[in-house]
Amino acid sequence: MSIIQNLTIEKILWRGRGLARLKSGKAVIVEPAVLPGEIVNVEVCREKKDYVGARPVEIVHPSALRRPHPCPHASLCGGCKMGILPMSEALELKKNILCDTLSRSLHRHMDTDQLPPIRTLASPRGWRYRYRGQVHVRNHLPHFCQMQGQDLVRLDDCLLLARPLARFLDQLCAGLPDGRFTVAASPKDHTVCTQKDGTTINLPFPDHGFDLVLPGNNFFQANWELNQSLIHEVSQAVQGHERVADLFAGSGNFSLPLAQAGARILAVESVASAVRTGTRNARRLGLDTITFKTGNLAREHTWKAIRTFGPTALVIDPPRTGAKHIGTRLKTLSSLRTMAWVSCDVVNTCRDLAVMLEAGWTITDILLVDMFPQTWHMETVFTLHRPS
Ligand SMILES: C[S@@+](CC[C@H](N)C(=O)[O-])C[C@H]1O[C@@H](n2cnc3c(N)ncnc32)[C@H](O)[C@@H]1O
């Protein structure tokens, strides 16, 4: 493959890719991790009609902001490529990327100059924030998958893992066969578990005075400390609504605090074990205004229950693939006035929001939540209103 020398990175695009241009004006999309203003040599990986795809091989002129990556695995792993930037600059860069992505993705559906300013929520911890993560196991030892290629590399520590997980990672993997597994830890008492061992962990909601008791194979927000602020923001967005549907509800991360605050909640989730966890916890906490329902939101019959419930507000927190096809169903909820849309992939979310914007909904707040510092991953909460 050929090398292109001395390219200047103009800006950073979605998923942390750098944009540069050849003398002809043709775009070069450079894999992370490069920074705006840097001059780099790149190796061409693919030639397309509209652009060239490349990976950086040498940073000829580094950005003044670039710092040495603190992890010894960084050059092979790629799990925290933004570790080359101080956290506050990284969040500012993410904000610029988000702003740019929203303008490009939504301009056909609204006047993007009318979008509200993007607010940001920083993570209390830059490193050691993950209380849930995935690990490759080989020969009963933890490994990570090498960036280019499929080779597994022995992992002695991961700086993103919260201390209890880092401390007991070898011990947890010793009991596992070869494969990829979820490992989790309680931020409260530091109990650790794997998706396999049946141990439950306590996840504290300090602002609400209760714990969620959850088995290790259920999803929960990995950056548990920042999750408390996320819950607060989502609760603010739907405050004052008495009937709230929580779609893609998991084990009740938003439903339980909202029910405790007095709302009547319908929580819909496709994974039956998460629904069982949510129901068990609601019962234990005496929250009888919350109903958990197992249902696939891509299926029409799940929506019958939501229509019957008649929510005036909605919390929606789909997986990265987004919530394709649900816009048309949301439009049929005539009682609905407010939505807090939690997004972990803005491009897919914009595709889904477009239907609501076309139907007259307005984005009234945008919050960028730095759930995964040191990575290009972004969590965004959009608040939407339907003018009455
Ligand atoms: C990003 S997680 C959010 C979970 C929860 N809101 C939380 O904060 O812990 C997305 C959830 O959507 C669920 N899910 C994915 N596809 C679904 C579908 N088609 N119907 C219902 N739930 C789905 C997943 O099982 C997962 O629990």
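The backbone N, Cα and C atoms fix where each Cβ goes, glycine too.
As annotated by TrEMBL, domain 'TRAM' applies to 1-58.
Here the Cβ of Q221 (S-adenosyl-L-methionine binding site) has 21 other Cβ atoms within 10 Å, regardless of which shown protein chain they belong to. Under the heading S-adenosyl-L-methionine binding site, TrEMBL lists Q221, F248, E269, D317.
According to TrEMBL, the active site, nucleophile annotation covers C344. Cβ-based neighbour count (10 Å, all protein chains) for C344 (active site, nucleophile) stands at 19. The DSSP secondary structure for C344 (active site, nucleophile) is coil.
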Tally of DSSP helical, extended and coil residues in the domain 'TRAM' (1-58): 3 helix, 33 strand, 22 coil
Check: same-chain CB within 8 A of S-adenosyl-L-methionine site center, minus Q221, F248, E269, D317: F219, D246, A249, G250, N253, F254, P318, V342
Inter-residue C-alpha distance, Q221 (S-adenosyl-L-methionine binding site) and C344 (active site, nucleophile) (nearest angstrom): 11
Length of the line joining the Cα atoms of C344 (active site, nucleophile) and D317 (S-adenosyl-L-methionine binding site), in Å: 8
Protein Cβ atoms within 10 Å of E269 (S-adenosyl-L-methionine binding site), excluding its own: 26
In three-state DSSP terms, the structure that E269 (S-adenosyl-L-methionine binding site) belongs to: strand
